[in-house]
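The ATP binding site annotation in TrEMBL covers 14, 15, 16, 17, 18, 19, 20, 21, 22. Summarising the annotation, TrEMBL assigns domain 'Cytidylate kinase' to 10-221.
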Ligand SMILES: Nc1ncnc2c1ncn2[C@@H]1O[C@H](COP(=O)(O)OP(=O)(O)O)[C@@H](O)[C@H]1O
Ligand SMILES: Nc1ccn([C@@H]2O[C@H](COP(=O)(O)OP(=O)(O)O)[C@@H](O)[C@H]2O)c(=O)n1
């Protein structure tokens, strides 16, 4: 059977702490779709640059190395994986050090070209469709996605969620770090963080995670019914 005709492609974008990862994983698991965390890929290439002593303040050095690491993403929403040259980096990519450097690395056009190609090939290979989350999925990576969602939330709600995860982290410092990363991601020249014109915006500040999941599942099911 040709499943590609019925495969549904969902793009979920938005800034940090709006609920992209939790929502995308749950929606994909519930609907039998694959799942791709594109932020994890940018974190993985950043981890590799740091690990290999590349000067991340030097865009030319980053560009020259952009082709070297082999990044592999496992797309099962119940057990997503990420490896670089065969090493499991799921833990190391979440350190504060990588978080503070990822916006600089992901702004380099050669890095984006490489990772964007990888993302498109993963989406095209997903047998029943995929939920892809990131910053530029609806605008650049998958502009023909069947459904585009742009999640937002107040900086206060996002900082409270993130500092809840990073046990003991100061909520004001977390808020400042989030806003700094938003500004870098929204201000870069190539594929900035942006809402696609045809994306549906959902403000999650006053919604529970379960409410957001239900909202997105309903939207995907409506799309699937009319495909
Ligand atoms: N609507 C929500 N209400 C409360 N907490 C949420 C909500 N959505 C997500 N969270 C929590 O906030 C944190 C960040 O969510 P995450 O999905 O990682 O966001 P993102 O991928 O956009 O950075 C997680 O601990 C998650 O459980
Ligand atoms: N599609 C994407 C996804 C992430 N990124 C970059 O990767 C960083 C980390 O993304 P992430 O989704 O893991 O961030 P969090 O929401 O987990 O904080 C972002 O701040 C961006 O700099 C990007 O440029 N494009």
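Each residue, glycine too, has its Cβ placed from N, Cα and C.
What you see is a predicted model, and the numbers here were worked out from it, not measured in a lab.
When the binding-site residues 16, 18, 22 are compared by the number of other C-beta atoms lying within 10 angstroms of their own C-beta, 22 comes out lowest. Take the mean position of the Cβ atoms of 14, 15, 16, 17, 18, 19, 20, 21, 22, the recorded ATP site; other residues of that chain with a Cβ within 8 Å of it are 23, 133, 151, 153, 158, 204. Note on residue 14 (ATP binding site): other Cβ atoms within 10 Å of its Cβ, all shown chains, come to 24. On its own chain, residue 20 (ATP binding site) has 12, 13, 14, 39, 133, 134, 151 as residues at least 6 apart in sequence with a Cβ closer than 8 Å to its own Cβ. Proximity of the binding-site residues (14, 16, 18) to ligand 2: a Cβ under 6 Å from the molecule is found for 16. For the domain 'Cytidylate kinase' (10-221), the model's pLDDT averages out at 97.
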